[in-house]
Amino acid sequence: MKNTAGRNSAQWVLLVAVFIIATCGLIYELVAGTLASYLLGDSVTQFSIIIGVYLFSMGIGSYLSRFFNDHLLEWFIRIELLVGLVGGFSAILLFLVFPLAVSFQPVLYALVGVTGILVGIEIPLLLRILKDKVEFAELVSRVFTYDYIGALLASLIFPLIFVPYLGLIRTSLFFGLLNVGVGLYLCRYFAGEVRGVAAIRFGGIVILLAEVAAFIFSEQIMSFSETLAYNDHVVYSTSTPYQRIVITKNKHDLRLYLNNNLQFSSADEYRYHEALVHPAMTAAAEPRNVLILGGGDGLAAREILKYPSVRHIQLVDLDPVMTKLFTGQDILAEINRHSLKDPRVTVTNADAFIWLKENRKQFDCVIIDFPDPSGFSVGKLYTTAFYRLLKTAMAPQAVAVVQSTSPYVAPKSYWCVNETLKASGFQTIPYHNYVPSFGEWGYVMARKSGGYQLPDTFAIEKKYISHAVMEQMLQFPEDMLAHEPLEVNKLNNQALVNYFEKEWGKFLDQ
Amino acid sequence: MKRGEFIRLTTGMAVAAPLLHACGEKKTGAAAIPGKIVGASAATGHLLRDHTFNPPAAFEAKEVVIVGAGVSGLSAARHLVQHGVKDIIVLDLEQQPGGNAASGGNAFSKYPWGAHYVPVPNNNLSEYLSFLEEAGVITGYDQAGLPVYNEFHLCHDPEERLYINGHWQEGLVPNFGLNAAELAEFKQFFTLIDHFKKLKGSDGLDAFNIPVDTSSHDESLRALDRITMKAWMDSQHLTSEYIRWYVDYCTRDDFGTPYDMVSAWAGIHYFASRKGKAANAAHNDVLTWEQGNGFLIEALRKQLDGKIATGALATSIKATGNGVKISYLDVASRQLKGLEAKHCIVAVPQFVAARLLGDTERGKVVTDHFHYVPWMVANLTVKDLHERGGQPTSWDNVIYGSASLGYVDATHQQVQQRKDRRNLTYYLPLTHTSPEAARKEAYRAEHAFWAEKVLADLQRVHPDIREQTEQIDIMLWGHAMVQPRPGMVHGEARKSLSESIGGAIHFAHTDLAGVSIFEEGFYQGLKAAQKILQT
Ligand SMILES: Cc1cc2nc3c(=O)[nH]c(=O)nc-3n(C[C@H](O)[C@H](O)[C@H](O)COP(=O)(O)OP(=O)(O)OC[C@H]3O[C@@H](n4cnc5c(N)ncnc54)[C@H](O)[C@@H]3O)c2cc1C
């Protein structure tokens, strides 16, 4: 009597283990699929490949199970612990290798494959362990019933509960812990039937502790994986309502990233800012009032403050966190030479479009340094509607300049900005230069009337610009031309965003 | 997606796994979201049906009284004032003028309660164009004589998207996941529409024109008004699920009438009557504002200061031989007041007009031929919503296969980079049953019922809509618009009801056009005013 009861409960313990293994196995597969579709895009492809690889690996596992001949229970527990280890850490591993972009897919499929193989070995093993304890028909029916119920449970709780509340890293760790827990429990339950219990138990506890630690420190792991993505030491990072600001530093330079796009490298930003500011400032002739739209890093302001004629600079930047950082943080304010604290500079945190709509003042020079037109919101700041407003903020002889992305990578985008300014009633002077950390970069100067006279000198302290350099900047080689008629960028067509997406998309794909 | 963004998403709360639908998830009930049923004062309107009033003691003299301050009534008033007839008054039972083009607002934006856009106008509508110029919508004309539209009023890109086969596609004409045969049907359909756009009847008039009354009366075209849109599509072998859905969506959108009930003439009119050309817009672009056509209402009102009486429910209109006597209830003081005018323009729907005139025969014609469909409109104030893949959030966001028409983003025309909240206006024509039954149901249901209906629908495309919605207000339009069923546009009822009575009572309302659009209302009003100016 006692004996059958013992057998019976042993059987149930093992069936519950099947159930948990099935749940965990599918969860790891879903974690991999979700991660892959977010990181690589194209969810349909990612999910189908991962499901395929996983199922196929389970097949391999089933095949391999024939080579396990003795000590089945022991192997079963070992594999259980291994699944817990591999699956539990799978999300962390994938996050960490992602920045090393080339090796991501092999690692992804290898992980899915290993998990699949391990889970694939387990079911046949279990069938064999139980085959003497339960009648065959009933055994098969029970094992597979639990296997499939586990799968259903996993597919429901994953999107509804785990991903929203725990995120992917903690979800995979959680199920890893569950696997290991089951392994340890089996160890205890079958202590008498298993050899080398102590060693297995020790291994299990080590994995358990590692996963608990990782679970607790998942935030830190996440930000560590972020530093890998930047190849550098992240000295500061924050998310504002407007953008993600990341500052990195290494031996050579300091870099600012907004939403993962490089804004400047301290090593060569002078090339960019001298080219952005001085042609317009010099063309404007003795400018007194200058407007900067964007440029919350204070670097354009630094250049403008070199002109003795300047009485007042109005800087309008969306993000108070940005301007505060570049006013108050010493390593940053050193780069802009404390320009934002200069009494001639007024910093206003406002949306440039709204600010311009309400503005009644006129300026002698306007420097426009917005992020690239990579989405429909910023795209609005490059439209005819915006440039017509800009005109109202310009004195009759004023000059404006617009940073206009790379004419080499995105010639259509660049020349579309030029066309849009022309369609808004400006005369334009397109030019470009080379900034090592950016590549070839483009700018468009715009004025209401009067052509452009190349100045004899740029009479300010400088490292880069000169009469001869400016002369070169005005020349566009064939490979920076659009070679087709371009649309004007308007609020109701957002042509620029479409050009930009296509051109940069193609460039980054290479 | 940017990696940093992704990392935040995955650690955060907002990810739902692709392919696995997180639908049916219900963390907080709809009841938890605040809001109310606002609204067209059905109760005030029903006073008219359920009450009898004593005649007012005195009748104030006016040259013209206009009953109804919707597009039709305001357009008439504007035209009269511009032509020197200034002793006028416009009565409306609501607290705000505008009728179906009414609007509301909160700290984040204004938003429409009904009509929300007009297409780029046809170029032959000179009176309408000059109104738009007056309203600042047209800023000038180019060398070719084409109107230049105010860029802030043209709908910004991205304009429309459709959630279909698990993906947001650009534009509302289904194409994502369609096979070649299904796509070919759309091609064929639009070829037919192109043909109708250019077609002229034997009388030399455009086959389909705006206002409808300027369309050709060619018998072969009138025949289309005797069959339904579905019957016509069947005859053209346009039968795939996708094209049927699309056309049905369009006819429900413009007419509140399913494609198997709407007249084929009206259905085709929707597609083939728009021929507008602009200097700076494509022919299928639209004009829209935060407050929808509420913007145009404000423009119509500009010269009508002190000439609009709101909270004024007309109770009767009687021809006196040499003029018209109008009684109305001043809702605030609950007093019945009288007006005596040389002319009266009745700019209310015909089922109301018949009652005001106390004309049972007229009433019978209306009940027999005019079917008014009820609509529900909801305004939701939302925080950032989780987005499914594909085209990013657009002005008009439609869900394939939904009973609703999706939602329009009232903050879409705002130009700032960051929007703390957005107001989404959600449209549901109640066409699942007869108008009468739907109307009863609609007035019985409570706020929580409607809120749940809206959220359950939007949850498919924004899984976190329940957590992210701060407020849902509901508007019920009991008699939102007349249905252009077969026989409506080219039938006799519409014509006979449009005729003036005794040279003193004139009619102007979009239901008399059979097709409920801004331009029709504008010209209904204009025509009625012209009749008065000609006498
Ligand atoms: C939900 C919805 C969405 C729409 N969307 C669009 C759109 O996007 N574009 C478009 O062009 N059209 C749209 N329409 C059509 C719209 O109906 C017309 O464009 C136009 O606004 C109708 O104007 P109207 O003056 O003819 O009628 P109404 O707007 O019906 O005006 C009648 C007026 O009479 C008043 N009234 C009624 N009875 C009395 C009484 N006894 N005493 C005093 N006053 C009275 C009412 O309060 C109302 O103000 C939409 C309609 C609805 C309902």
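Glycine is treated like the rest: Cβ placed from N, Cα and C.
Sequence annotations record features per position, and here TrEMBL assigns transmembrane segment to A:12-40 (among others).
Per TrEMBL, the feature transmembrane segment maps to A:46-64 (among others).
Listed by sequence, the residues of this chain that lie at least six past the ends of the transmembrane segment (A:76-101) yet keep a Cβ under 8 A from its Cβ atoms are 17, 21, 24-25, 27-28, 31-32, 35, 39, 107-108, 111, 114-115, 118-119, 121-122, 125-126, 129, 168-169, 171-173, 175-184, 186-187, 190, 194, 200, 203-204, 207, 211, 214, 218, 221-222, 224-225, 228-229, 231. Sequence annotations record features per position, and here TrEMBL assigns transmembrane segment to A:76-101 (among others).
The transmembrane segment annotation in TrEMBL covers A:107-127 (among others).
Residues or ranges marked as transmembrane segment in TrEMBL: A:148-167 (among others). Within the chain carrying the transmembrane segment (A:148-167), a Cβ under 8 angstroms from the stretch's Cβ atoms is held by residues 18-27, 30, 34, 174, 218, all 6 or more beyond its ends.
Under the heading transmembrane segment, TrEMBL lists A:173-191 (among others).
According to TrEMBL, the feature transmembrane segment maps to A:198-217 (among others).
Within the model, the domain 'PABS' (A:214-448) shows a mean pLDDT value of 92, rounded to a whole number. Per TrEMBL, domain 'PABS' is recorded for A:214-448.
Long-range C-beta contacts of A:Asp317 (S-methyl-5'-thioadenosine binding site), restricted to its own chain and to partners at least six residues apart, with a cutoff below 8 Å, comprise A:Ile292, A:Leu293, A:Gly294, A:Gly295, A:Gly296, A:Thr323, A:Val347, A:Thr348, A:Asn349. Among the features that TrEMBL reports, S-methyl-5'-thioadenosine binding site is placed at A:Gln243, A:Asp317, A:Asp351, A:Ala352.
Annotation source TrEMBL lists spermidine binding site at A:His273, A:Asp297. The Cβ of A:Asp297 (spermidine binding site) has 25 neighbouring Cβ atoms from other residues within 10 Å, across all protein chains displayed. DSSP assigns A:Asp297 (spermidine binding site) to coil in the three-state reduction, outside any helix or strand.
According to TrEMBL, the active site, proton acceptor annotation covers A:Asp369. All chains included, 23 other C-beta atoms sit within 10 angstroms of the C-beta of A:Asp369 (active site, proton acceptor). In the three-state DSSP scheme, A:Asp369 (active site, proton acceptor) is classed as strand.
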I'd like to confirm something. Which of the recorded positions, A:Asp351, A:Ala352, A:Asp369, has a Cα closest to the Cα of A:Asp297 (spermidine binding site)?
A:Asp369
Quick test of understanding: given the recorded positions A:Gln243, A:Asp317, A:Asp351, A:Asp369, name the ones whose C-beta is under 8 angstroms from chain B.
A:Asp351
Of the listed stretches (A:12-40, A:46-64, A:107-127), which one yields the highest count of Cβ-Cβ distances below 8 Å with the transmembrane segment (A:173-191)?
A:12-40
Fewest C-beta neighbours within 10 angstroms among the binding-site residues A:Gln243, A:His273 belongs to A:Gln243
In whole Å, how far does the CA atom of A:Asp369 (active site, proton acceptor) lie from that of A:Gln243 (S-methyl-5'-thioadenosine binding site)?
16
Which number gives the other C-beta atoms within 10 angstroms of the C-beta of A:Asp351 (S-methyl-5'-thioadenosine binding site), all protein chains shown included?
18
Give the helix, strand or coil assignment DSSP yields for A:Asp317 (S-methyl-5'-thioadenosine binding site).
strand
Long-range Cβ list for A:Ala352 (S-methyl-5'-thioadenosine binding site), cut-off under 8 Å, min separation 6+ in sequence, same chain only, gives A:Leu293, A:Gly294, A:Val316, A:Leu318, A:Phe370, A:Leu381
Round to the nearest Å and give the CA-to-CA distance linking A:Asp351 (S-methyl-5'-thioadenosine binding site) with A:His273 (spermidine binding site).
22
